[in-house]
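Down below is the structure, laid out as structure tokens.
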């Protein structure tokens, strides 16, 4: 396989009974790229993502993530990826530091490394004052940023973000994207789904899913040209309305 | 191994941080042990006793006085007529009505046989049987002075007066029901707490979404499950310990057998319960579902455990079902070891069955927990 392609997907399909949730999607993602994975609600984004992160078995097709096959080597994939779900998934009844320690421990980091990572992460996010507070008491925006940083704790090759900025204010969203850029600059590939079309503009390349199929895939600039649209919002509306 | 420690550490933090759950785990069960062990008695006391005296002689009054003197009977009413006695029985005001016929004293003096009518409320058949025995005993003793024949369901049971039985009650000489009940109730509490905690725990992580986050990590299934269940195993053993102390200090239940043996058995037994809890957890999506299923099994397990009703008196098919009831084995072992002083060899059959059960349930639990669906 090409070392620059960290995700290679070919004809990947997921069926639930008669319903085809993901219909033979094909795409590739380069190393260090920010790849926007767009689509309306129910288009199949989350299902597709769950196959790539190894928690949902594909029905057919091929896919290779971080060099491992999604059918046979899901556990190897898991060592090399980070994931942040659309539902906040840290423990509300643990403190900031305890959450970081727990996930660091699960990924097999050494005590020393966990300590270093925690300190760096808490400082970077400016959480010094709340480091020993329960996560449940933090505002949503802070939780999301923490959750993103925790998904990067084991320095994964790829991080999958499922609607990471849902429900947070514009300032926090901007700060969040700064974190994403920082991760991408350090060589982490970012695979992100979003509903916000302004965020789609921040991505290197964007795919748009409609009813389980990828209907468009290119850089935001080229997509706007292709669909003769002023912004990504119009591109999306043209596609999603069919 | 290190990964497991991180999970255990996290679980303990969460358990001890949950101020709502702590008393439910540690205080309520022990309150239950104290209350239930005192309340769940098989003894029949305070029997409401009424009589119809058609004789009105010193002999008939002497017979009633015998009942009055007994601690089991509360002598309530002298009914003027049978009809009034029946209606009182219907209303539940009396449990037992004794009818003394006319010419009772005169016939006794003439050494004629006589019949006393005894009516017993038998809605609770077991209690009615016990009441019948008490009534018969009192009348028989009265009969040693004056000859009376009591109308019995079977008239054949005429005791030869020169044969006497002297019962010896082994393992629980004083027939103290608490000695019998406390180990059993302790078994229930250990089972219920560990089953509910383990059954709800993983499903809770499903509900709040953290399980998905765990499933995208490279953690091994067995690591996760061991880390998850170990804290509940510790809690179960802790409950057993506190329960045994209460049994000794408050109820003075004899502990004839070896404590280490009891702990060895319990440590395996709790694994069975945790396996069942985890298995339930894997097949449910919400804590509510898990709770209902756990309850369903608990009720069957408790009623068919031999704790309240002897397994020997169940129909054959029901006895077969009890073979799959882990609580049955635990109750048996606890009573055997605590009251009889049974040793390792005596409880070996139960130990082996429980051990196989633990292997099967935990195997199923690990198998049914899927990181990838």
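Using the three backbone atoms N, Cα and C, a Cβ is placed for every residue, glycine included.
Among the features that TrEMBL reports, domain 'ABC transmembrane type-2' is placed at B:128-372. What TrEMBL records for B:21-40, B:180-203, B:229-250, B:262-280, B:292-311, B:347-369 is transmembrane segment.
If you look at the transmembrane segment (B:347-369) against the transmembrane segment (B:229-250), you find fewer than three C-beta pairs under 8 angstroms, all six or more positions apart, and that falls short of contact. The transmembrane segment (B:21-40) makes no contact with the transmembrane segment (B:262-280), as judged by fewer than three Cβ pairs under 8 Å among residues 6 or more apart in sequence. Panel annotation: around the transmembrane segment (B:180-203), residues 11, 25, 29-30, 32-33, 36-37, 40-41, 172, 211, 228-229, 232-233, 235-236, 239-240, 243-244, 247, 251, 253, 266, 270, 273-274, 276-278, 280-282, 284-287, 289-291, 293-294, 297-298, 301-302, 305, 307, 326-327, 330-331, 334-335, 338-339, 369 of the same chain, lying at least six beyond its termini, place a Cβ under 8 Å from a Cβ of the stretch.
A Cβ distance under 8 Å defines the sequence-distant neighbours of the transmembrane segment (B:262-280), meaning residues of its chain 6+ beyond its ends; these are 190-191, 194-199, 201-203, 225, 228-229, 232-233, 236-237, 240, 244, 290, 293-294, 297, 326, 329-330, 333-334, 337-338, 347, 350-351, 354-355, 357-358, 360-362, 364-365, 368-369.
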